[in-house]
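S.K.: Taken from Swiss-Prot, the feature compositional bias 'Basic and acidic residues' covers 1-14. Taken from Swiss-Prot, the feature region 'Disordered' applies to 1-28. If you look up Swiss-Prot, you'll see 159-432 marked as domain 'ABC transporter 1', on the strength of sequence analysis. According to Swiss-Prot, the ATP 1 binding site annotation covers G192, P193, P194, G195, C196, G197, K198, T199, on the basis of sequence analysis.
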Amino acid sequence: MEDKKQQQQQQREEAEAEEEAPVVPSSLRAAATCRSLSSLSSSLRWDHRGDDDEEEAELRWAAIERLPTLDRMRTSVLSSEAVDVRRLGAAQRRVLVERLVADIQRDNLRLLRKQRRRMERVGVRQPTVEVRWRNVRVEADCQVVSGKPLPTLLNTVLATARGLSRRPHARIPILNDVTGILKPSRLTLLLGPPGCGKTTLLLALAGKLDKNLKVTGEVEYNGANLNTFVPEKTSAYISQYDLHVPEMTVRETLDFSARFQGVGTRAEIMKEVIRREKEAGITPDPDIDTYMKAISVEGLERSMQTDYIMKIMGLDICADIIVGDIMRRGISGGEKKRLTTGEMIVGPSRALFMDEISTGLDSSTTFQIVSCLQQVAHISESTILVSLLQPAPETYDLFDDIILMAEGKIVYHGSKSCIMNFFESCGFKCPERKGAADFLQEVLSKKDQQQYWSRTEETYNFVTIDHFCEKFKASQVGQNLVEELANPFDKSEVYNNALSLNIYSLTKWDLLKACFAREILLMRRNAFIYITKVVQLGLLAVITGTVFLRTHMGVDRAHADYYMGSLFYALILLLVNGFPELAIAVSRLPVFYKQRDYYFYPAWAYAIPSFILKIPLSLVESITWTSISYYLIGYTPEASRFFCQLLILFLVHTGALSLFRCVASYCQTMVASSVGGTMSFLVILLFGGFIIPRLSMPNWLKWGFWISPLSYAEIGLTGNEFLAPRWLKTTTSGVTLGRRVLMDRGLDFSSYFYWISASALIGFILLLNVGYAIGLTIKKPTGTSRAIISRDKFSTFDRRGKDMSKDMDNRMPKLQVGNALAPNKTGTMVLPFSPLTISFQDVNYYVDTPVEMREQGYKERKLQLLHNITGAFQPGVLSALMGVTGAGKTTLLDVLAGRKTGGVIEGDIRVGGYPKIQQTFARISGYCEQTDVHSPQITVEESVAYSAWLRLPTEVDSKTRREFVDEVIQTIELDDIRDALVGLPGVSGLSTEQRKRLTIAVELVSNPSVIFMDEPTSGLDARAAAIVMRAVKNVADTGRTVVCTIHQPSIEIFEAFDELMLMKRGGELIYAGPLGLHSCNVIHYFETIPGVPKIKDNYNPSTWMLEVTCASMEAQLGVDFAQIYRESTMCKDKDALVKSLSKPALGTSDLHFPTRFPQKFREQLKACIWKQCLSYWRSPSYNLVRILFITISCIVFGVLFWQQGDINHINDQQGLFTILGCMYGTTLFTGINNCQSVIPFISIERSVVYRERFAGMYSPWAYSLAQVAMEIPYVLVQILLIMFIAYPMIGYAWTAAKFFWFMYTIACTLLYFLYFGMMIVSLTPNIQVASILASMFYTLQNLMSGFIVPAPQIPRWWIWLYYTSPLSWTLNVFFTTQFGDEHQKEISVFGETKSVAAFIKDYFGFRHDLLPLAAIILAMFPILFAILFGLSISKLNFQRR
């Protein structure tokens, strides 16, 4: 009992100690105090149970203490029951975490303190990490070009030539001799303008810099160089890019990460703690004991740490929702950002390097997360460096130290308390009501520096970054830093296990098990794709079986070729069926690279499950095919031969999947992989022995037959069939019929060769999967470390490193400066527009409840995201839409802007008093989306000009339009990067903040009456945010209606708004009215609510407002802020205003435009062609690669079929079949390559098209026609390559008629394959489904082309498929024009002599007199597919919003 009293006293002391928590706002302190007292009361109740319960608990503890150490680590007491912490259920984990961390801000601190106190009580310390770096300099290679620095086809070719010549490249500095130190238990803030080198510094410290960068200097952890331990496992780098598997839920993502990162030193520490506790006779707190033991167990599928991280990151509410992507609805952008952070801190890393973790988060959520990080740093003695763009003052105050960077140099590195004194010593002072972080970033800017000059008696001169650096080195803080670094690290002060020496946290077996578990999960989530493939294969089996129906197939020489053709077709079909594996494998590569480089798992652990788990799928698909087609076609009816065929087909399908996975691992992008996959397919097929028999190959190329997996498959299948008893009839030559058929094809091998073939296929499968694992191991993520800059730009670089990179130049546009948000009076162009009010009443929005939520017990079929939202946005009024992450801000904007593609919308939305008509509303509104979707291959200036061209009315002449574009570019400060390529997010091109500013410019240039902006300042630093908001304010001042959702506004930015709509989680309004001077209206409204804490002096009103209206404050006060608002006079006034605005003003009329689009169709088409022309010219990965493919293909075909097209060289049916096979192969492979290449290219552009279509920029037909037309010049290049390489090498007739007929036919063929690829993308929701349907198209084309099964032999019930097959008309025109008029040349066919023309007509059914009709029909296919592409673009939208 004495021990119990001591424990109670200790808990009281802990509760009192918690009141000393640093830097917690008064509002949060009030909420936390209440929660803390509640928790204390609860624990006291637990302590005052009856003696029986106490004795029972003591007996259980005594029993646990008698267990061996390992068992004791796994056993604890939870809710008075002994439990195995490895087998805690989901409910138990959730209840325990809720009990430990009921209120995040206070209870998290309490939990960390209890853990630390428990360890200190027995003399155990956490290992710590100190990071030092000295004179670190990072340089990148750059390619200097004349003109604009863009990756055009020409620049790429020249760069490749220079690369081959190994000429040295220029170098640009990124970091310039930076030095510093990060200590344990310190939370450090990294500040600086975008492009100053913050990310590079974080990567350098985390040991994750690209190997192509030139790095000098030293980085040490606890005095050890990076190459003496594994920095990736000792520290964690948290990227600013959110890369996750879209099919996985939040919980699954975190569990997977926790499992692979392991528990680090937790297990050893826990073992030591419980050993010493046993020796000292100490009984720990049951909940703390359970928690600490649970997070110390390695390799668990479901981790307690996951539940804890989800709780403190605010992800518990979306735990069972999939992450999603641009085409799939998932968690919000803010939740995705928190998941990126949680994914790494769920591990045991002692040093954290965090890159812009607050992008997309509201200020209260950012404060909460940074507060938790502060607690982790201070209590757990972690070393944490965090880069933030716009930290609010209260968030800034949480940090201990500051690193301020500019131009790749460290301007200040030291205590936060000294930084203002340092700048005051330099002559600069931060004004009142100005955030310190905003001041620190702006005082370094040439444009903004002067306003902070405090020495009025002295003349101001711009203080350069170098001058600041010199001042810092001379300051006391700078000298202290030098002294600290001069003292060697004392290695006796830390445990040896602070640094990780193991690359992976789990055993090889556990790594494999975890990867298997994830692969199974992803296969379940993608079950639709695999089911579709099986159904497709079954359907094709039925079609094939009924084409080669056994009742039409005799066992004789004439029908032997059909049996041979059906076997070959089965092989082709199963090979082509593997194509969708390309899209699946490539789509997963970015996440794989991230996790591989974090040392989650090795490449082999990822590759083996991908291979093994696809084996059952291959077996199912092979059984489906064989069981349906085998007896329908009428192969040898012996059971053993059925299973022998099944085995070969199974191995071929497994090999196909392995091949395409291997190709994906080396090619990495969808476009390159498509070309690589088609090239591999081409080589395998050409050397496979069917299109060109082994005996017909040139002698010096016959070795190629033995390196093609298809050869062994063909040997196995044909031997299995033609060596059967029913083919033993003897022919006139004395050999059996079966042998004769095999000899004609060069496949005459003994029956035992079947098993050699099967073994060879197994060998190929293993080889390809080893190659896949090697590719995954050695290839770096896509993107390049080599910048492309212009010669003019490069000449401006200071060799001493004053300028940083092509996008780091600190030169500013010529705009007037005063207050950062003061209206810009100079040069403001105001184009004519109509001011409009948008009002909405009782708006509700419902979506179908996600399956994951229903599985967790949510009963309702519909999930309501907006609840009776009523409000209005008026001209000239700048309105802010705010709320915590997940409150429904973006949802409301989407609903008002008409961007939702699903769900149910209720309520009345009016524009100017008239019901909103989306088609006309799109003309007068702009929408800056959160996701920043742009065409990747055009420049910043071109993006803005393109938007202006299509969205400004025809009355605006081109000169005015160009001036307006220039002004918008300068206003948003895009002038320095106007020639930069936009690129793909996270891969290439613009940074996050540059991309955000481009989004705003693209919408502003449309001169809208109403403009919606979804988080326009998200991802921007304080200065860039001020620039953007000044531009937005200027727009509103011209009389436009402007609405912005905003997350982390500074006081200055927040008070630039006129009105505020505040929402709480669940989609309910809690405030809708004016801000007032210095936000007085908002402050007064909430301070009048009983219990709401008063705002402190100089505190950010937006942050205070979000804090006092959070869910925990509602729970503490026992109020519903939404209900209070509904009952307020403000709500009644707003309702009255909305009703008055819902009636049209006298003398006004509804919106009406004489045309649907701002520009005429001709102008739309002109603009679209202009953009597509630029995009294509700058897409070498698409156009150069497919041109290279055509070139190589032409050479390969030319060599293999050298002069076999010469009619004089054709003497029998095999010679004719060989050259016809050449035509068939040329057509098929060039066509498939075009189709496969265009699918990912169009897929990337599709989300841009959806945005532009919503904006009403152009008719979908204008875009479609431009897209279709833009392919023609590049197809012409392909045609010329075929005509001047393959045509003469193969030996086709050099007559004008035959030459131009061949050119016409190949042109139509290449175009219809291309347009089919475009069409299939526009008809399907994602690239995987598009690939499946494309592969079905290829296989049907194969079957119905008239080559494998000639038209006269196709059953009449399938002949319609033959006539609707584009490839059949291609071969018709090819065969007819080349050989259909050869009446003089006679050859031996099947034992008789016929003219070539007669054989073509009799065997294939191709008639020369019907050639014009065939030519016309052939030309109709590209036209048909192009029209269907246009229809799909105009009618379908697979985005889920």
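Even glycines carry a Cβ here, placed using N, Cα and C.
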S.K.: Determine the most Cβ-crowded residue among the binding-site residues G192, P193, using a 10 Å radius around each Cβ and all protein chains in the structure.
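M.R.: Selected residue: G192.
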S.K.: Of P194, G195, C196, K198, the binding-site residues given in the record, which has the fewest other CB atoms within 10 A of its CB?
M.R.: P194
S.K.: Taking the Cβ of T199 (ATP 1 binding site) as the centre, count every other Cβ atom within 10 Å, in any protein chain shown.
M.R.: 20
S.K.: Take the domain 'ABC transporter 1' (159-432) and average the pLDDT across it for me.
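M.R.: On average, pLDDT over the domain 'ABC transporter 1' (159-432) sits at 86.
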S.K.: Among all protein chains shown, how many Cβ atoms are found within 10 Å of the Cβ of G197 (ATP 1 binding site), not counting that one?
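M.R.: Taking all protein chains shown, G197 (ATP 1 binding site) has 24 Cβ neighbours within 10 Å.
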S.K.: With DSSP assignments reduced to helix, strand and coil, which class does K198 (ATP 1 binding site) get?
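M.R.: Note: K198 (ATP 1 binding site) is helical by DSSP.
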